[in-house]
Amino acid sequence: MGCAASSQQTTATGGQPAAGEKANPAPANNNPNAANKAETTGAAEELTKESEPFVEPDPNYPDLSKHNNYLAESLTPSIYNKICNLRTLSGYSVDGCMQTGVDNPGHPFIKTVGLVAGDEECYDLFADLFDPTIDKRHNGYPRNAKHTTDLNPDHLKGGDDFDPKYVLSCRVRTGRCIRGYGLPPHCTRAERRDVEKVCKDALATLDGPLKGTYYPLTGMTEEMQDKLIADHFLFDKPVSPLLMSARMARDWPDGRGIWHNADKNFLVWINEEDHTRVISMETSGNMKNVFKRFCNGLNKVENALKAKGYEFSWNEHLGYVLTCPSNLGTGVRAGVHIKIPLFSKHAGFESILKHYRLQKRGTGGVDTASTDGTFDISNLDRLGTSEVQQVQSVVDGVKKLIELEKALEKGSDISGQIPRDPAIVRAEQVKEGYPDLSKHNNHLAHCLTYDIWKSLKDKKTPSGFTLDGCIQTGVMNPGHPHIMTVGMVAGDEESYDVFADIFDPVIDARHGGYPKDAVHVTNINHADLKGGDNLDPKYVLSCRVRTGRSIIGYSLPPHCTVEERAAVETITIGALDKFDGDLQGKYYPLEGMSDETQTQLIDDHFLFDKPVSPLLTAARMHRDWPQGRGIWHNENKNFLVWVNEEDHIRVISMEKDGNMRAVFKRFCEGLQKFEQMIKKDGKEFMWNKHLGYVLTCPSNLGTGLRAGVHVKLPLLSKYPRFDQILRALRLQKRGTGGVDTASTDGTFDISNLDRLGSSEVQQVQFVVDGVELLVQMEKKLEKGEDIFDILPQQCRPKPPIKPFSYDYPDFSLHNNWMSKCMTEEIYNKLCNLKTKGGVTLNDCIQTGIDNPGHPYIMTVGLVAGDEECYEVFAPLFDPVISARHGGYALDAKHPTNLNAAELKGGDDLDPEFVLSCRVRTGRCIRGLALPPCCTRAERAEVEKITTEALSTLSGPLKGKYYPLTGMTDEEQEKLIEDHFLFDKPVSPLLLCANMARDWPQGRGIWHNDEKNFLVWVNEEDHTRVISMEKSGNMKRVFERFCDGLKKVEDSIKSKGYQFMWNEHLGYVLTCPSNLGTGLRAGVHVKVPLLSQQKIFDSILDHMRLQKRGTGGVDTASTDGTFDISNSDRIGFSEVHLVQQLVDGVKLLVNLEKALMKGEDINSLLPEKLREDSS
């Protein structure tokens, strides 16, 4: 799955830069020898892996330097660069997957995953990131591993005999998701409602003890809610930052609900973290009964779904596919509440848990501690073992815990029953010689156990080769985190038998599953190959087939003696000397080679060098160099034999054209002739029916064949699913420079992926057929055509199901301007539109959906993701703006006036009453998305543009920028003391608008030396500009405000940027409430007497002013001191609004003074209000 893409994706996400992104041209390949370097590198691919080279990170690459999660451990610039522009068929990106891990750095002692899937396809399309994350999270799970599923409760042994004195309850839960629907981080409302309906209908088919009732969270009565809380069945709206950042709380409680049977021991949560969470439980010690109910219920639900054409997301590698990688596999958590007050204090408690693969927590849930010796004990594993195996580990472990608790109650010594400390055991094993492979990443490290090592360490093959000889290269070379090497070699043919206990599992792992009883197929009859003589030479530059052969009776290169090596050389030369016709050639020994011959072989790219790779030198393949080594080639230079390199011989057939058939024919005929010649001398190749041709490295067993073509695929190689296409065709790619090189111009060396289990003809056929298809795809892409229909069938993901439910939000309980103005007609008209930057209507309205509002506080419920939103979604934004701003007409023009000289007064506000003055506004930079939808790169660009502009300020405005990232404690304390620091958003309004993403990246605070001119960068808007001082001089504050703003704007204009502004909306900002001027001019004013008058609010309304407490938004005054500011933003100029404030505050102060003197204030009131005061 995961190869297909829609026609839109072919052009929009096929490796091309998205709108607004700059493509970095790839450097040209100027190496004339690159095409032939592949084979002259010497050793097989598995033995020459090198470290990943430095890669320049994409501008959107996140800063994870302070993070402690598996995402941070797994993500590299090269991985991110490769997948950051890809989209699944439902439109999900890798940034969506990893946002929760970026936003939540984690705890030093608690490692989270940091990654979620938005749909099933994520695990395939973004496998370069998910695979290493899954491997780390599940303690080693390679990408070719197969998961085991077993939901047959009869396979569980015991579990019905827990002592109820100790086991208080048993519970088994898992998750299931329905294929074709988005997962909770990404699903639409319609998809969520579909899932609810599909699951509800399936659950309705259950009968007998499983028959139950569904309780939707939407519209749930208080009585029902209380009942479910009392039963501990109700799940709450997510508040965890991990879930919030993954966007799992959207549209709450729409589409969520709880189902349980009449006996209340089988429960299903719908649309919580996964589509369903299935739970079987009871207050007893009968885990067998609980597990049986669990399996029966699950199987019946699955059958009901299948009857309606649905299925659970499952594959043989990951098992059941769920939202969080931590739950892949079974998704099972089998837990018991167990009382072990004595043993839980024993030093051996943790050892028992580790031994049985168990984990503990308190009975209060995740991350709680036990307070009375009662624990929730559950299985540690999810992936790689079956449901039965995981529940069995709990059953066996809990039995042991009870046994030990009882022993302690009797005062018995239990020290002999406690597994020894693994670290001590490990140290003792290392002293014995057992290698420490705990930091290694190779197949040897994953397969070798102490028991295997101990059983083999003293064995030798008849020629004297030991286990240490086999594994030394893997011990000395830990490997690379993202490149899995084998870590083993054979010293002779018998190595594979004598040391089969380690070779067999390594071979199985390396070759993607190859059991001990498998039989390998050999076929080197070139006539059986179909086609291959017509690969288009415009695309296919060269063809090559190579293999290795070893001669029975002689040790392999890691172990052979000088005499054996010389004998191999003699046998080989003797056979090759008998070649005639087109195969006739000459042998060039490396020992004593003349400079002239060496130069010629270098020019022909035939010469192989002395091994320098630590993988080869640790395997002792460089010994006695260059004795016994040499190169033979025919006169046409298209058939080549290396002698005593990594294997006894390496045979290569090649030519510069697209005729793979001719290359393979020559390969087969040459090999067969060579074998005939040595057989006449009584020699044979190493071969057996299980392993095929026996060679030094287990990676080359079977055929040992690598059939490769150099093919030009500049367009297809940029296609989002190129790697998945290759995997489906059983092919692999590398650059034309050899192992671990990358293509720089779209030319690749494409070869067969398999070696063992299929024949030579089959493997070359894969290459021929696959390359033909790749070239066909390249040609279609050149014509601008879609390639979906010719993709390999097995790699086409199932397209998303088209929901039957309606996507329109439920606004029945909402009180915000968006919900008041939205209609189904407007929604249907706009819901499928996008701005050029990709912002959707749902991006804009999500905060209003998720925050219904307060009966007495009307919020907007709408944000813009970029400037274009106000045009594309105008049918919604226009009525919201009109309603929010008291009837702002569609054809209205907003006046702008930042000439402070036009302000009358303001420098004479009485400081006895006016404590401070402040003017703030926001500004956003055209061409860059607004905070709800900006990328990390855009946020960084805003920061750069703004700070560079601010650095040009001089005189009283000169200041310094303090980025939140990397801020010192000293700076932080100082900014808190000055009340300048802004915090990470915690308001649900901002969180649901996606404004806290990537915190604190790109955010910062700038202020001048006098600390009266302040700029916040990338808070709610690109910039928030503030002028302030502790006095009653609003005129001076406003002059500084206008002066600073103008100078910053002039500076950014000089760099080719400008603020978002138009004549209708004025300055364009994120929230419609701030459109126009974005200005809030406020004073802290003491009016304790006036504020107690009934007419106080009427005066403010009349003067177009508003009040709040001095603690900020939605705070109340406690001592008669208020923060008074202008009510309006749009339709009036900056000067007009500040003038309103100045005039209004003067009136308030005069009224307060009159009241202090005991005077009647009616005559001082505005005329319209005077009658009301009587």
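Using N, Cα and C of the backbone, Cβ positions are placed for all residues, glycine too.
Lifted from Swiss-Prot, the feature list:
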BINDING   169-173, His232, Arg277, 333-337, 542-546, His605, Arg706, 734-739, Asp749  ATP binding site
COMPBIAS  1-14  compositional bias 'Polar residues'
COMPBIAS  18-39  compositional bias 'Low complexity'
DOMAIN    53-139  domain 'Phosphagen kinase N-terminal 1'
DOMAIN    166-408  domain 'Phosphagen kinase C-terminal 1'
DOMAIN    426-512  domain 'Phosphagen kinase N-terminal 2'
DOMAIN    539-781  domain 'Phosphagen kinase C-terminal 2'
DOMAIN    800-886  domain 'Phosphagen kinase N-terminal 3'
DOMAIN    913-1155  domain 'Phosphagen kinase C-terminal 3'
REGION    1-62  region 'Disordered'
REPEAT    61-414  repeat '1'
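Feature map: annotations from Swiss-Prot on the structure.
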| residue | record | DSSP (3 states) |
| --- | --- | --- |
| Ser169 | ATP binding site | strand |
| Ala334 | ATP binding site | strand |
| Ser542 | ATP binding site | strand |
| Gly735 | ATP binding site | strand |
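Residue environment of Arg546 (ATP binding site) contains 21 other Cβ atoms, counted within 10 Å of its Cβ in all protein chains. Summed and averaged per residue, pLDDT over the domain 'Phosphagen kinase C-terminal 3' (913-1155) gives 95.
A 10 Å cutoff on Cβ-Cβ distances gives Ser169 (ATP binding site) a total of 18 other Cβ atoms nearby, all chains included.
Neighbours of Gly735 (ATP binding site), defined as other CB atoms within 10 A of its CB across all chains, total 20. Cβ neighbour count within 10 Å across all protein chains ranks Ala334 highest among the binding-site residues Arg173, Ala334, Ser542.
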